[in-house]
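This report concerns only the one structure given below.
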Number of protein chains: 2
Amino acid sequence: MTDFARTRAMFDLPDGVIYLDGNSLGPLPRAAKDRVARAIADEWGQMLITGWNKAGWMDLPARVGDRVGRLIGAAPGTVVMGDTLSIKVYQALASALELRPDRRVILSDTGNFPSDLYMAEGLCRTLGPDYVLKTVAPEAVEDAIDDTVAVLMLTEVDYRTGRKHDMANLIARAHAAGALVVWDLAHSAGAIPVDLAGADTDFAVGCSYKYLNSGPGGPAFIYVAPRLADHVRPALSGWLGHEAPFAFDLDYRPGAGIERMRVGTPPVLQLAALDAALDVWDSVDMSDLRARSLELQGIFIERVEAACPMLSLATPRDPAQRGSQVSFRHTQGYAIMQALIAEGVIGDFRAPDILRFGFTPLYLSPEDVTRAADILCDIMATGRWDRPDYHARSKVT
Amino acid sequence: MTDFARTRAMFDLPDGVIYLDGNSLGPLPRAAKDRVARAIADEWGQMLITGWNKAGWMDLPARVGDRVGRLIGAAPGTVVMGDTLSIKVYQALASALELRPDRRVILSDTGNFPSDLYMAEGLCRTLGPDYVLKTVAPEAVEDAIDDTVAVLMLTEVDYRTGRKHDMANLIARAHAAGALVVWDLAHSAGAIPVDLAGADTDFAVGCSYKYLNSGPGGPAFIYVAPRLADHVRPALSGWLGHEAPFAFDLDYRPGAGIERMRVGTPPVLQLAALDAALDVWDSVDMSDLRARSLELQGIFIERVEAACPMLSLATPRDPAQRGSQVSFRHTQGYAIMQALIAEGVIGDFRAPDILRFGFTPLYLSPEDVTRAADILCDIMATGRWDRPDYHARSKVT
């Protein structure tokens, strides 16, 4: 059994805060502080340029990628870190489209994270007027898969509602129609069990700063199925994806397998933070994590619904259809969330009316969640969210 | 006058090392260590998600971009940080090509950094069979500019030889032919005076981990001329380049001006390191820096040529045609460089035969450079570079 008291002790959390926003930015793992300090003082400071070899910086994207891969059912050598999630979406989509040269449609849903849709839009414009991004409602995706679809691009867990797609089923449907799939695991990696290889995924991408706790702006990851990796021609053909980067050839030749999805110089300090953050996961069993997450979600939903009838559940009631977050709707959601944050319960707000709460067993207990629900319901009962300063919007919501 | 003893004191450099590779990876500015430690402990650790507002993380790419802009002749609001240099090359090229819809040629030279050429290749493939990347010898660029050229893409200072293009002249020639220009300033920013606005550049890109000392994997920058910025349609249309990222609209609408060149979540820890590294530049006058750099280069060239006739100068003899590095050729350059590094003089090797030395007045004195030349010449005179372990290649050269 995973010892969640032990994982809790591996994080630095501010006193008096119940943090229900680890689905947006994970908190600080204690080990990350020292690891980055060492990367700066002992590696960068002392090794200087030789750190690329001596400190293993050049291998970090693949080595750390393997550690992330273990959490998402990906074999060693099939995941590599780098860039941002948006860039990785572009890479995966461009590669997938090139593998289906006779098709022109990217199919996605309106619950996808907007940046994924924007990147697809930009790629379609670059590819030419025949290419289209088609979006349908999340529940209409399955029926919209037909033999015009080149790529099905979905985020497994909806960033607003927490609704989880049935990945294995949709992959089977897409493959039966001759389409490839690109899965965004932003709200899956470290949140729920994922079995990329078992589900026969083609491409997957994700970020590391949410449930994997790599810190603000940590690097993204990309997975390519081993059966495809050597056939992919990267559109973003950067030198570190070259077969021999330090030969400085004038022509691009893709590197072996997943290495070709690297682009430019890796962000060593952010990778060091992620590498340390992944230590927490060494003792975690993903099915224990899932059970604990659903337990925490259940407590929260039950308690809030019992005491706050003015909040309506936006997340599916069936636990099997949920990720690791719970959302409620309220037209005054923004102000309510500001009041909650002011009282030490940090969740976040997503326009137009979503109060979003992430459940992260690594550092949240049933007692934390009970207390958070009670504070929320008290704020609602007393109406103390209705203050002018709570209505004033800040830049980042 | 710039006080270079004062700037030297702002760096942590290992004892006994003369570092002539700041053109590859700048050394550690003392302030960066503390700044990153604060970003981790006080911002990420204590503010958690609220750091995006409270610690100003969301504004870092523009705020730090303005600080870089000051060093390259770019007005506030015309430079933004993010991604890697390769990604920024792709963005600039894609934008430039879209502004010249009736042309199909990217013109570059064989001395350009290979990743720039690779990214252009990948973009041409994505755009379709009509698009071509044409490369000519550096000295043939001027004559190759004609009215088929959509974009002239050059690196101002050659990464191997240190040869510097005449930027203002080539821009004037390109504009006269109706072409746009994309300049890679990887070996210019912080190395030589650059006047982007004065030279009427269209696009410029660069990295921060060389002469700007941001640390391994620090973010890149992109400049777009204000007269173009609102007409550019980003191909890499990520959410943070959206007019209203937190409205989470399903359709992309580019943000105002340079903001639209942002893509995904910015690497806050690497940006914090860069922000601190830029403090060193507050007291530096770029013409003082240039004069000191040429003084250091002159000492090195004279001393090496006098004592090491077997090394042949690869860098132009005319100081006006040089950047801030000096290169020598030798067929055994790799082993010679390993011997030098073993004796505390760190430069680097670039295939097939280039010994490369960066001259960085912020932390190098005439005495350092004299001593480095003497050690190099002694290694050559005694032949002590010719050991089996010095011939064994490591992954990163």
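The backbone N, Cα and C atoms fix where each Cβ goes, glycine too.
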Pick the one from B:Trp239, B:Trp281 that TrEMBL also lists for the pyridoxal 5'-phosphate site with B:Leu85, B:Ser86, B:Phe113, B:Pro114, B:Ser115, B:Asp116, B:Thr155, B:Asp184, B:His187, B:Tyr209, B:Thr265.
B:Trp239
Pairwise CA distance, B:Lys210 (N6-(pyridoxal phosphate)lysine) versus B:Trp239 (pyridoxal 5'-phosphate binding site), rounded so that it is a whole Å:
29
When the number of other CB atoms within 10 A of each residue's CB is tallied over all shown chains, which of the binding-site residues B:Phe113, B:Trp239 has the maximum?
B:Trp239
Name the binding-site residues, out of B:Ser115, B:Thr155, B:His187, that lie close to chain A, meaning a Cβ-Cβ distance under 8 Å, keeping sequence order and answering 'none' if none do.
B:Ser115
Which whole number of Å gives the largest C-alpha distance between any two of B:Leu85, B:Ser86, B:Phe113, B:Pro114, B:Ser115, B:Asp116, B:Thr155, B:Asp184, B:His187, B:Tyr209, B:Trp239, B:Thr265, the residues noted as binding pyridoxal 5'-phosphate?
30
Per DSSP, to which secondary structure element type does B:Phe113 (pyridoxal 5'-phosphate binding site) belong, with helix, strand and coil as the options?
coil
